[in-house]
Every structure is written in structure tokens, then in C-alpha cells.
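Quick notes on the structure that follows.
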Amino acid sequence: MPPTPTTPPPDAVIPERHPQAPAPGTRLGSHYEHCFGCGPQHPGGLRIDAVAGEGLDVTAELTVRDVHQGGPGLAHGGLLTTAMDETLGTLNWLLHAPAVTGRLETDFLSPVPVDSVLHLRAWITGVHGRKIYSAAEARIGGPDGPVAVRAQALFVQVKLEHFTTHGRPEDIEKVLDDPDLMKRARAFEVNP
Ligand SMILES: CCCCC/C=C\C/C=C\C/C=C\C/C=C\CCCC(=O)SCCNC(=O)CCNC(=O)[C@H](O)C(C)(C)COP(=O)(O)OP(=O)(O)OC[C@H]1O[C@@H](n2cnc3c(N)ncnc32)[C@H](O)[C@@H]1OP(=O)(O)O
């Protein structure tokens, strides 16, 4: 595949896992309870709960449901892209670096029927300054099943002020008033 903006440059590095990264096998949980991708309070969200891998990688599972349809009985492509985005985003926990998606490229290799269990995996492919390069795949039929969706991403590291500056004020205030959530958010910046 030709290089794209999500291909790490030759001088990108593969960093160490952050010393305080969650141990391999740890469920990473949600970064924000109302997040469409992972929030447990979101009524129609995907509730992705990724598991930290041994290295700079994570795994997750998602069952495609009726409400995810695009074509009849088939998953919507945007929904699949969201699942990739969310899984890639959880790699933030392994670097302790809050980062947002700058670019996300998705290849849809085969249709995904409703009721399929997606076996998602994401891994870091390089870091260059604030730019975090990563890739992901979704397999169906099992963790070693055929790849149905593939993605490459460029996340850009941001300070927590990115959220406080740009988010709707009433939602930011609720987060700032929640000591548990702030502890979790700040954990990124304690030992950068
Ligand atoms: C206190 C409240 C806290 C509450 C939150 C709690 C916790 C949060 C913590 C962590 C989150 C954890 C997990 C998240 C998990 C999943 C969520 C899914 C992820 C998302 O769904 S997130 C939403 C969608 N996302 C956006 O909403 C981003 C909108 N956007 C921007 O906010 C800016 O656009 C930004 C910040 C991306 C860059 O802006 P910027 O001004 O900081 O930096 P700049 O523009 O200089 O880019 C720096 C270098 O990246 C290159 N670059 C940038 N964009 C590129 C592109 N598209 N293609 C190719 N290269 C690109 C430049 O070319 C330059 O490269 P170079 O350094 O080589 O020049």
C-alpha cells in the first residue's frame, strides 16, 4: 500500500509502554461515561471496553446489532469506522498521552452481517513528536478469523485544555466537578 499521512515517517520511534500503563490484561474502561464509543451511561453507545495487550496494543470485542445496520442485515460503514476509532483511541492509556484523531483511514474488506462479533485489535506503529501513528483490524468469526475491516490512523497528542477549551461548557463543568473522572483524566499528565 502506498504511504499516506497515516504512515509513520522513517524517523518515527516505537516508544516504551509508559511505566504506569495499565498491566497487560487490564480492562481499560471508559475515558468519559457519555462517550458514544465507550461510555457506560450512553444509552445507544458501543460501550467498547478494550483490554491492554502485552506491548503497545489493545484488543476489544463488539457485537454488531440491529441498530447498527446500514444495508439490510449489514453493519453501517460509519459505525465500523467508529469502532476502529474508539479502539485506536484506547492506545492513549498505554502512552499516558491524551490524543485526538487527526486522520483515520478505513478499508472495508468484506461485509459485516448483523450479529457478527467483531474482534478488534489496535497497535501503535510509531511516534513522531506529538504525532501517534497506529493501525487496527477487525476480524469476524473469532480472533483469528478473516479481517473484515482495516484502519490506519494519525492521532495528535493534546493537553487536557483541548477539551476544556473546546467542549460545551456545561459538559466540561460536570466533568470538572467529578473527582473520579478528573483523577482518571489527570492520570495522563502526572508522569508524562
Ligand atoms: C478536563 C476534561 C477531560 C475530559 C476528557 C477525559 C479524558 C480525555 C483523555 C484522553 C482521551 C482518551 C481516549 C480517547 C479515545 C477515543 C476517542 C476517539 C478519538 C476521537 O474521535 S477524537 C475526536 C475527533 N478528533 C478531533 O476532534 C480533532 C480535531 N482536530 C484538532 O483539534 C486539531 O486539528 C489537532 C489537535 C488534531 C491538531 O491541531 P494542532 O493545532 O494541535 O496541531 P497541528 O495542526 O500543528 O498538527 C500537529 C501535527 O499533526 C499533523 N496533522 C494534524 N492533523 C492532520 C491530518 N488530518 N492529516 C495529516 N497530518 C495532520 C500536522 O501536519 C502537524 O504535523 P507536523 O508537526 O509535522 O507539522
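Just so you know, glycine gets a Cβ as well, placed from its N, Cα and C.
Summarising the annotation, TrEMBL assigns region 'Disordered' to 1-28.
Nonlocal intrachain contacts for the compositional bias 'Pro residues' (1-12), taken as residues 6+ away from its ends with a CB within less than 8 angstroms of a stretch CB, comprise 103-105, 125-128, 131, 133, 152-154. Summarising the annotation, TrEMBL assigns compositional bias 'Pro residues' to 1-12.
The domain 'Thioesterase' annotation in TrEMBL covers 73-140. Secondary structure of the domain 'Thioesterase' (73-140), assigned with DSSP and counted as helix (H, G, I), strand (E, B) and coil, comes to 17 helix, 35 strand, 16 coil.
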(request) Please work out the helix, strand and coil residue numbers for the compositional bias 'Pro residues' (1-12) from the DSSP assignment. (result) 0 helix, 0 strand, 12 coil
